[in-house]
Amino acid sequence: MRVLWLHCRARSAPAVLLGMLVVTLLAWWLADWLVHQSYAQGPLARRSVVVLAPVLAAALVSVSLAGADDELERSTAWRWRRIRTVHVTIATVVCSAALTLTALWEPARYGAYELVRNTVACVGMAAVAACVLGAGLAWVPVLGYAAVVFVVGGTPAPDSAWWTWPVQLSDVPGAWWAAGVWWSVGTVLYGLLGARVTPDRGV
Amino acid sequence: MTRLLRIELRRSVALVLFVATAVGGTAMMFNDTEQWVGRWSGLAVYLRTALVVLVPIVLAAAAWQGGRERRRRMDELLSTVPRPRPQLVLVRWGVVSAGVVAGCVVVWLVCAAFVAPVATYSGGGWWWLTLVAVVAVAAAAAVGLTLGQVLPWRLAAPVIGVAGYAGIGLLSFAGDSGRMWLSPVLPSHVVGEILPASASALQAAWFAGLGVSALTLAGARKRKVVAAPAAMTLAIGAVIVVGPGDERWTEDAAAAEQVCTGDVVDVCATRQMGFLLDDFVAATGETVQRLSRVPGAPRRILVNANSEARWSASDPVRIGLERYVDWRGGLSMTDAWGYRLRDELATAVLPPTQGCADWPAPDRDLAVVSVVAQLWAGATGDAAGADAEVLARYQRFADRPEAAQARWMQRYYEAARNCDAAALPALKRDLA
């Protein structure tokens with residue numbers, strides 16, 4: 001238990017959980033506010049929440065993808081591959097569960113289903129980015145990609161789901177497949193390689 | 001100083017920001033070309049719309065830049081160097097601002113290359129709107145740098161970026177109030193409207209004040225120095241908030257002036273949309289020629305941007321062309337949803353009969369009269385709802401001499417305008 005707590009503390013888990021609580025409350029408030037605007041199209045008005053909240057969740061998770069000194073950590077006799085894989089899996093489950101609670105009303109129309117899908121995909125993308133750019137910059141591709149798709153994607157056709165998954169509705173299988181692929185690739189890569197060690201230290 | 005600038009340019013996010021702004025901004029602009037192509041004021045307004053994404057990107061990148069020294073654990077070391085702190089802050093801000101402003105200039109130049117060859121109206125005070133965009137992104141760079149420097153969080157950059165996006169969204173789209181002018185985005189613009197220079201000057205002062213306050217906070221040794229610029233900025237913000245919302249837009253009379261063909265059926269366009277007039281006349285010439293032979297048919301057609309544009313009350317036939325503008329500033333025959341321009345024109349030039357209580361649209365037997373009239377006005381068979389039998393009947397009608405067609409259409413216009421359903425059986429009989 002003590003080792004588990006030390007690992008969580010080294011990866012800023014308490015701060016990440018606190019951040020996740022703030023993101024969840026903000027997502028719930030923003031979704032409620034958007035739905036009650038005079039120009040809102042019912043549950044579909046939550047489109048921006050469905051894109052932004054998972055991005056913030058993934059950014060929070062990215063903080064925990066590296067410790068204060070990764071090189072030192074890796075020199076210890078622990079099964080780091082297994083620990084890293086379990087770490088990403090638990091982080092995905094916790095974030096998805098938290099965001100799901102904010103959109104149980106009309107879950108299939110920019111609601112809980114899309115939040116789960118996008119959280120899974122964004123965490124996977126952040127894990128891939130952590131391996132390539134380092135944990136400090138892992139949020140950049142996630143935020144950049146989501147922003148571009150959100151603006152350019154418009155009302156996308158289902159056959160473009162492989163790249164417009166952040167703005168697709170939950171009944172498009174291609175978007176779920178894309179999310180699954182991102183998460184699988186991210187988890188496997190991060191599990192095998194860990195976050196890239198960069199010169200940036202601390203906050 | 002030049003050496004310092006060169007080093008910052010190489011080591012900062014300026015080049016990345018330049019590429020991100022240029023590529024992201026251009027992608028956004030070309031995602032919705034019908035909003036601006038052929039119109040200088042449209043370009044300026046849509047560039048301001050693109051700031052809804054560009055400003056959060058600038059905020060996030062600048063915040064990342066602002067936290068650089070802390071991440072590299074160089075902040076204490078740098079605080080011991082003799083170079084004045086304000087100079088370091090200004091150099092950093094100058095380089096980041098130069099990157100993002102250069103990116104915006106690239107976006108503008110690329111888009112201007114598509115506007116300049118076709119634009120027929122260069123007024124509308126668009127340069128003021130563009131200038132405010134430049135001030136806004138420079139201010140965003142200052143605010144981002146300062147927040148990144150002040151907030152000791154690992155996730156300061158993405159949080160500031162997303163908060164900036166949410167803040168702009170809340171200010172811009174939270175209804176008609178003065179608050180909307182605190183945002184760099186112009187959400188409620190209607191084609192044919194102009195923003196007075198005083199409103200743009202007020203916005204520029206607000207963003208400049210934000211930038212100066214942020215830089216003072218970042219560069220001054222004593223934080224209370226920021227009180228003066230912050231108070232000034234808050235005062236400007238208060239003036240904006242208590243002022244009008246949408247009412248700041250006024251009609252651009254020069255843009256609404258009409259350019260006309262001067263034919264029997266006078267096809268006119270507002271000066272702003274005049275670049276489409278020749279294409280429109282060429283595309284709809286057959287219908288216009290037919291109308292000119294029918295006494296009682298409309299004698300004037302006005303084309304404008306869209307249904308929200310400001311129209312003159314005396315224009316009987318109005319066609320919104322914005323949906324049909326292609327990315328080079330030409331006229332496309334179909335819009336993105338597959339609707340056809342000729343169908344829209346046919347509906348517009350015929351008298352509306354929806355308000356006629358006795359007009360027997362559901363009566364298929366008599367509805368053939370309306371369908372034939374629509375086909376005559378240029379509608380396609382699908383849009384008019386014509387089956388093979390009606391099409392054959394229309395073909396026989398179209399084979400008649402032009403004068404006979406014109407007489408029948410004259411009677412149709414009279415009947416439709418007066419909601420005279422009793423005239424329909426005779427009109428149908430004459431089709432046989």
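The backbone N, Cα and C atoms fix where each Cβ goes, and this holds for glycine too.
Here TrEMBL flags A:12-35 (among others) as transmembrane segment.
With a threshold of 8 Å between CB atoms, the same-chain residues lying at least 6 positions outside the transmembrane segment (A:47-66) that come near it are 11-13, 15-16, 19-20, 23-24, 26-27, 30-31, 34, 87-88, 91-92, 95, 98-99, 102-103, 110-111, 114-115, 118-119, 121-123, 125-127, 129-130, 134-136, 138-139, 142-143, 146, 149-150, 166-167, 190, 194-195, 197. Marked as transmembrane segment by TrEMBL: A:47-66 (among others).
Under the heading transmembrane segment, TrEMBL lists A:86-105 (among others).
Through the fold, the transmembrane segment (A:126-154) approaches residues 47-48, 51-52, 54-55, 58-59, 61-63, 65-66, 88, 160, 163-167, 182-183, 185-187, 189-190, 193-198, 200 of its own chain, all at least 6 residues removed from its boundaries and within a Cβ separation under 8 Å. Annotation comment: TrEMBL describes A:126-154 (among others) as transmembrane segment.
Distant neighbours of the transmembrane segment (A:174-193): 65, 81-82, 84-85, 88-89, 92, 117-118, 120-128, 130-131, 158-159, 161-165, 168; these residues of the same chain sit at least 6 beyond its ends, with a Cβ under 8 Å from one of its Cβ atoms. The annotation transmembrane segment is assigned in TrEMBL to A:174-193 (among others).
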Contact set, same chain, for the transmembrane segment (A:12-35): CB under 8 Å, 6 or more residues outside the stretch: 42-43, 45-46, 48-49, 52-53, 56-57, 60-61, 63-64, 91, 94-95, 98-99, 101-103, 115
